[in-house]
Amino acid sequence: MNASFEQIVSKLSSGELYDFPGGVHPQDKKSISNQDVIRRAPLPEKLIIPVRQHVGTEGRLAVSVGDHVMKGQPLTRSSHPFAIPVHAPTSGTVTDIGQHITAHPSGLREQAIVIQPDGEETWTTLTPLSDYASREPANVVEALCDAGISGMGGAGFPTHIKASGTKKIEFIVINGVECEPYITADDRLMREHAWQIRQGADVLSHLVKPQLIIVAIEDNKPEALDAMKIACKDNPDIQVVSVPTKYPAGGEKQLIQVLTGREVPRDGLPADIGVLMFNVGTCYAIADAIFHGKPLIERVVTLTGGAVEKPGNVWALIGTPVNHLLGEAQYNSRKQKDPQVVMGGPMMGFTLNDAAVPVVKITNCLLVPANGELIDDTSERPCIRCSACADACPATLLPQQLFWHSKAHEYEKAQEYNLFDCIECGACAYVCPSEIPLVHYYRQAKSAIRQQRDEKARAEKAKERFEARKARLEREKIEREEKHKRAKEARAKTASAGAPKDKVAAALARAKSKRAEETSTTPENDTSQSDKQAKVAAAVARAKARKIGQSPQQTDAEQIQQASMPAADGQTVDSDISDKQKRVAAAVARAKAKKAQRGNPDAAESVDSQTGSASQQDEGSSETGTAEDDKKKRVAAAVARAKAKKAQRENTDAAEPDDSKTETPSSQEAESSEAESAADEKEKRIAAAVARAKAKKAQREKTDAAEPVDSQTSSASPQDEGSSETGTAEDEKKKRVATAVARAKAKKARREKTDTAEPVDSQTETPSSQEAESSEAESAADEKQKRIAAAVARAKAKKAQRDKQNENNS
């Protein structure tokens, strides 16, 4: 159980103290360097300031190469509570920023700023806080952080963190014990600057508000003890205590135990038991920062050892190379077999790998031993299990077990024996008869374990980042899916609202696609009967297209000759005529054939005469028997197919005009003296188209129904091939035949217009309207049909007579 505050104060007043286990009594050898006052080292040629000189993280750079800096100017900025700045020790120019070897047992390289002094020693603007007592503690703590003050006793813990704790503090201990041999920096500082140390203690009292401040000084420093008593005698809350000389009484845990009897718990801090400890050098730096505004840019360093001719203590600027200070102490290399410089004391210090290492904030001594002055690490012998190390350990550890596990790299076992409770005081190595450098093995083991922990921590952080990224990607994926789902629902809602229009558009698209497919087929690839009829319709359309481009003065013979040449230009014309025109022409022919098939002799004769006039004229009376019957059968089959197609095409084609029927009958009217002025233009074109279709069909039959007819007006083509170029007489004959047929059809159309409400021009629009017209024609008066048949017969007779005349002429 820890002693109470009253018990501790009572015991201190009576001069009684507690003790700690273990410890050793080495020769102090302090008289080598404590005889002279602290002198100031000369300015070096360059200063190397490591960015991190404390426990924590390094600050952010505030300067660049080539910048001119003032003395006391911050070189880094504090961006983290454990990142305190470093300052320019003198004015000069920044010549380099990079990795440099630093004060480390392994000679590690760290980032450092190199300054070339200009010798002017020009200070930056300083901001002291002389009225700190009237300021908020937070302002004072911030000033300590900005001054870059950290523990100067060896740990290097940031002072502003320690001074701004929230736990209740009963004791502040000012550590002036300085128990390690050779080192006298604190001794000389207390002798010469006791009052400033007292001022630093007052500032800490204002920040922490303890119940008592204890200044602990080892009893082998009587001059320092007296100086501190004089400086603190007017403050009853500060008590100066003399501590028996015993190594390592200056250790934090050991000194607290000596003064208060309280033990710092394992993995705990002194604040956990109501105690805070500060070094006397730290108190001096606090006073300098608060009362003068100076940052921590220099400290007292002991230069000692048998290999220096001028030992003592010097004020060394932070960043001063060690070799520069050795020159100041007049280093004598002849007194050393191998060059050796120890940073720190002989018990806790470490040998430097390079004399260019700079002085840092925790550097308190540079020991340059002569030959044989210190134990040689190379003389290590096997452990004899004497247990002297365990007896000397102030932390009550088992150094022997720690040594074996550390040497075997069994770090987990070493941690089980509380490796990190070791304060590396070196007492075990000091008493070891085998001269084993035990602390060296402990440091290596601690460093390896810390490295493993760092790697594990980095791996954990990487795993956390990976898992966070994975979760983020999964979240984004879900969000995208939700977004797509909402967009799909919106599209579906919009589509359902406009469904009727979409259906109409889809139907039109299908119809157009179907027409495109039908027009893309060529006559050479079609072998079915329906394809033949499509070819006939295409031939009718081609002839009409050619006719549109001709003048009224062009002869029918020229039209017939052009229509009889499908191999030359059939492909080009086909691409210009729509599928609708083909279907209309074919439907007209099928409707007429159907009328003839249903039993009306006169009507049948009329249809036959219209659909086969050219054939009868070419073949003569010898071929009108069997060929006529076959023709009627094919026409009836075509009519049946037309009815089947009518229902599908009725909606898409009924409203579209038949451009193929827009040709003018100007040529017919010019040759016909009996043309009717009131006849409808469309009716005349229909009649002409029917006549041309019949002529084309006659030509197809003459060639054994194997070759499609390429033109409606090509009925005279077989005659031209069978004869030897009959010339103008043949053309005149064909003109008269066509004119007669046109007149007959015109008269029929006029009569039907008065008897039925349906316009005749519906024959030119869709197959369905043509079929309806055919039905009306069947129910109409036989008189009209007879007159039409008579007119056709007269035309045939005239044509036959002219044929005979032509034959005679030829």
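Using N, Cα and C of the backbone, Cβ positions are placed for all residues, glycine too.
The [4Fe-4S] cluster 1 site in TrEMBL is built from Cys383, Cys386, Cys389 plus one of Cys365, Cys422, Cys425, Cys432, namely Cys432.
Separating the Cα atoms of Cys386 ([4Fe-4S] cluster 1 binding site) and Cys425 ([4Fe-4S] cluster 2 binding site) is a whole-number distance of 19 Å. With Cys383 ([4Fe-4S] cluster 1 binding site) as the anchor, the candidate binding-site residues are Cys393, Cys422, Cys425, Cys428, and the one with the nearest CA is Cys428.
Scoring each of the binding-site residues (Cys383, Cys389, Cys393) by how many neighbouring Cβ atoms lie within 10 Å, the top position goes to Cys389. If you take the C-beta of Cys422 ([4Fe-4S] cluster 2 binding site) and look for same-chain residues 6 or more apart in sequence within under 8 angstroms, you find Ala395, Leu397, Pro399, Leu402, Val439, Tyr442.
When secondary structure is read from DSSP and collapsed to three states, Cys386 ([4Fe-4S] cluster 1 binding site) falls in the coil class. For the pair Cys393 ([4Fe-4S] cluster 2 binding site) and Cys432 ([4Fe-4S] cluster 1 binding site), the Cα-Cα distance reads 11 Å. By neighbour count, meaning other C-beta atoms within 10 Å, the densest spot among the binding-site residues Cys386, Cys425, Cys428, Cys432 is Cys428.
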